[in-house]
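*Asks:* From TrEMBL, here are the annotated features:
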BINDING   30-37, 149-152, 186-189  ATP binding site
ACT_SITE  H37  active site, proton donor
BINDING   Q61  beta-alanine binding site
BINDING   Q61, Q155  (R)-pantoate binding site
Amino acid sequence: MEVLKNKKTLQDFIERQREMGKKIGFAPTMGALHDGHLSLYEAARAENDLVISSIFVNPTQFNNPEDLKKYPRDTNRDISILQKSGLVDAVYIPEVHDIYPEKAESSHYDFDGLENEMEGKSRPGHFDGVGTVVEELFNQVKPDNAYFGEKDYQQLAIIKKMVDKKHLPIKIKGVDIYRAKNGLALSSRNQRLTEERREDSKVIYETLIKVNEWFRVVSISEIKNKVKDIFDDQKGMQLEYFLIADENTLKETDFFYKDKSYRAFIVVMVDGVRLIDNMHLD
Ligand code: PAF
């Protein structure tokens, strides 16, 4: 596996691969790799000649400086996970100036309102930061296909929107949420929880399963009350938000309409760690 530590080495590498006509699959990450990332690489492996990943903790997408400081970083561990997986041909690990040559600042994006829902309300500026770094990485890596986990469903929708609006020649592929045995969605943040709290947090997934059972059976306001009751009974967990949204516009809905598809979204604080999850309702 090639470890590409700056923009120049990446560009030389990409040029060589393009000359050989290789189809490139790309999965950007912020490191702290886990099995959820490996599932992105597996999806990329199946559809491309070459799989590239990146590790870059993007400062512009953290609205909370404490969160940026606490973000787990261990590049040697990540490289060794990638090497052992055998799924990735090259990893790009840029420095801040390779991505932001002048100032680490976001550009402003209009994602047709997707950016104003859910995480956009809780984390102002977050999606401008994501758009900025992903667009720059796309420009540098020039992938044919790019892979993102559905755990960050709103991020996936926003990246699809950006590619669409800017007519970038890249296909965006969503990959199913990868869950631990107990159902907890895998996230780099889970490392900050004790084993016991990770076990307790399975209630998030279990709640989503129940919501899916209640879907179109009881009203949304009733579902919301039931979810609130579940988390009122959980010690040390605070429900930040739970809502059901139109899967395409991501706008919260109070009623189920016949021809629309819906998804439930949830954010819970567990011992100060913000866990997010979602589920398509059917
Ligand atoms: O999902 C992530 O890890 C990040 O938001 C991404 C897409 C790598 C951009 O920094």
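These residue numbers are counts, starting from 1, taken along the chain as shown.
Glycine residues also receive a Cβ, built from the backbone N, Cα and C atoms like all the rest.
It should be emphasised that the depicted structure is a prediction, and the values quoted were computed from it without experimental measurement.
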*Asks:* Relative to ligand 1, which of the binding-site residues M30, H34, G149, L186 have a Cβ found under 6 Å from one of its atoms?
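*Replies:* Checking each Cβ against ligand 1, the ones under 6 Å are M30.
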*Asks:* Sequence gap of 6 or more, Cβ distance under 8 Å: name the residues on the same chain that satisfy this around M30 (ATP binding site), in order along the sequence.
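*Replies:* Result: I55, F56, V57, N58, Y71, S188.
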*Asks:* Mind giving me a neighbour count for Q155 ((R)-pantoate binding site)? Other Cβ atoms within 10 Å of its Cβ, every protein chain shown.
*Replies:* 20
*Asks:* State the Cα to Cα distance, in Å, between H34 (ATP binding site) and Q155 ((R)-pantoate binding site), rounded to an integer.
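*Replies:* Answer for this pair: 19 Å between alpha carbons.
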*Asks:* Do me a favour and check the Cα-Cα span between A32 (ATP binding site) and Q61 (beta-alanine binding site); whole Å is fine.
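*Replies:* Cα of A32 (ATP binding site) to Cα of Q61 (beta-alanine binding site) measures 16 Å after rounding.
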*Asks:* Restricting to the binding-site residues Q61, G149, K151, Q155, L186, which ones have a CA within 10 Å of the CA of the residue listed as 'active site, proton donor'?
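*Replies:* Within 10 Å Cα-Cα: G149, L186.
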*Asks:* Per DSSP, to which secondary structure element type does M30 (ATP binding site) belong, with helix, strand and coil as the options?
*Replies:* coil
*Asks:* I need the nearest neighbour of the residue listed as 'beta-alanine binding site' among the binding-site residues G36, K151, L186, using C-alpha distances.
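*Replies:* Spatially nearest to the residue listed as 'beta-alanine binding site' by Cα position is K151.
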